[in-house]
Every structure is written in C-alpha cells, then in structure tokens.
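Down below is the structure, laid out as structure tokens.
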Amino acid sequence: MARPQQPRSAVSAVHPSAGTAVSTPASTSGPTAHPRRVVVLASGSGTLLQALLDDPAPRPYEVVAVGSDLAACRALERAVEHGVPTFTERVRDHSDRASWDAALARRCAEFGADLVVLAGFMKLVGPRFLDAFDHRVLNAHPSLLPSFPGMHAPADALEHGVKLTGCTAFLVDTGVDAGPIVAQRAVPVLDDDTVETLHERIKVTERTLLVDVVRSLTAAPYRVDGRKVRLG
C-alpha cells in the first residue's frame with residue numbers, strides 16, 4: 001500500500017449570512033497541475049469505480065485510494081489491478097457505529113481526499129464523516145430523485161408505471177438519498193422492461209453521469225446554496 005499523504009483538501013465553509021456552503025479546491029496553475037484527490041468507497045463489483053479509473057487523461061482528479069466496509073470485494077480487486085491503494089474499515093471492528101464513522105473519516109483524510117465518492121457503498125455514512133467532508137461526499141442513485149429513493153428504485157419505477165426514470169448524482173447529507181442534486185439524466189422505461197433490464201440501462205447512464213460530475217466538481221469551485229449546487 002502506498003504511504004498516505006497528508007490532506008490537501010478542499011475548503012468547505014458555511015457563511016451564515018448567506019446560508020451558502022462553498023467548496024473550493026486548492027489553488028492550481030492549470031486544470032491538471034494538481035489534480036484533486038478522490039477517495040472512492042465501494043462494497044460491490046466496482047463498475048462505477050471502473051468508470052472513474054478508465055476516464056482518460058488529462059483529467060482534473062486522481063483516484064488516490066479505494067476503501068470498503070468489506071475485507072474483500074471486486075471493487076478492491078479493481079483498485080489493486082490499477083495500482084491504487086486500498087483500505088478496509090469494517091463496522092464490526094468498532095464498538096459502535098459512531099466510532100466506525102469517525103474511523104472511516106480518518107482513513108479518507110489520511111489520503112488527503114478533496115472529494116469522497118460513494119460508488120456502490122452499502123453503508124450509510126454518519127454525522128462525523130459528513131462533518132469532516134462537508135458538501136464533499138458524492139453519491140449516485142438509480143432514479144430521478146426525489147422520486148424513488150431507497151434500495152429498490154428500478155422496481156419502484158416499474159411498479160408506478162412511469163415512462164421516464166434515470167439516475168441522480170447528489171451531495172450526501174444526513175437523509176437517505178436526500179442531499180442537494182448535482183446532475184440528473186433520464187432513461188426511458190420500455191414496455192417490456194424487467195427490473196433487471198431497466199436497472200442495467202440505468203447503470204450504463206449512471207457510469208457516464210458519475211464521471212462527468214466528478215470532473216465538474218474537481219475542475220473548479222462549486223457552491224451549495226440551499227438545495228441548489230452551482231458549478232463553476
């Protein structure tokens with residue numbers, strides 16, 4: 001495992017007078033002079049992670065570490081195959097969820113994370129983690145939020161008979177799939193769709209959306225004004 005570097009993280013501050021949170025990457029003389037440091041957290045197959053690893057240079061970010069709540073998963077294997085450091089932080093190794101949450105935040109901070117991407121990470125991060133990375137935790141969800149939050153979004157879309165669903169990239173807060181929306185893309189629901197076929201098409205779109213959003217968030221400062229994320 002590569003030796004973790006000390007944080008060169010983005011500055012995130014809340015201005016009470018305006019009610020606006022600002023996330024400002026550290027200064028750089030050009031878009032690739034000092035790529036923003038991205039830590040990815042994953043629990044499964046790692047297809048979203050793979051999309052980030054395959055994103056061609058030049059790009060304004062670098063995946064500097066991949067962490068998991070599991071000792072072994074395909075996402076960690078993908079990271080090793082690309083020479084990316086990995087770490088595991090299991091809930092059961094801690095006395096309670098709060099101590100796990102704090103430990104996970106410390107691990108990400110050790111790698112100087114400017115942005116943390118939850119890419120199929122199956123644990124909810126808590127207040128300590130979110131305080132450490134205020135407005136710098138990105139997640140993707142397979143629906144057009146706020147419609148169909150939760151674990152069964154494609155099935156819920158089919159059950160409700162919607163003609164369009166899609167995927168959403170959002171900044172994580174203390175709610176479930178409830179944070180400020182960064183970007184969304186629509187996916188049509190076909191008459192003969194099953195949960196599996198619909199979910200697979202959503203995942204294809206979700207991968208491109210995630211890459212584009214990570215590029216946008218790491219290329220320039222962004223603002224969170226209430227529930228609105230303003231890029232650039």
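Keep in mind that glycine also has a Cβ here, set from the backbone N, Cα and C atoms.
Predicted, not measured: the structure shown is a model, and the values here were computed from it.
Copied over from TrEMBL:
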type     : residues : note
COMPBIAS : 20-31    : compositional bias 'Polar residues'
DOMAIN   : 37-214   : domain 'Formyl transferase N-terminal'
ACT_SITE : H141     : active site, proton donor
SITE     : D177     : site 'Raises pKa of active site His'
Cβ-Cβ distance under 8 Å, sequence separation of 6 or more, same chain as the residue listed as 'active site, proton donor'; the residues meeting this, in order, are P149, A153, C167, T168, F170, D177
Taking 10 A as the limit, how many CB atoms besides its own sit near the CB of D177 (site 'Raises pKa of active site His')?
19
Secondary structure at D177 (site 'Raises pKa of active site His') (DSSP, helix/strand/coil)?
coil
In this predicted model, the domain 'Formyl transferase N-terminal' (37-214) has a mean pLDDT of 97
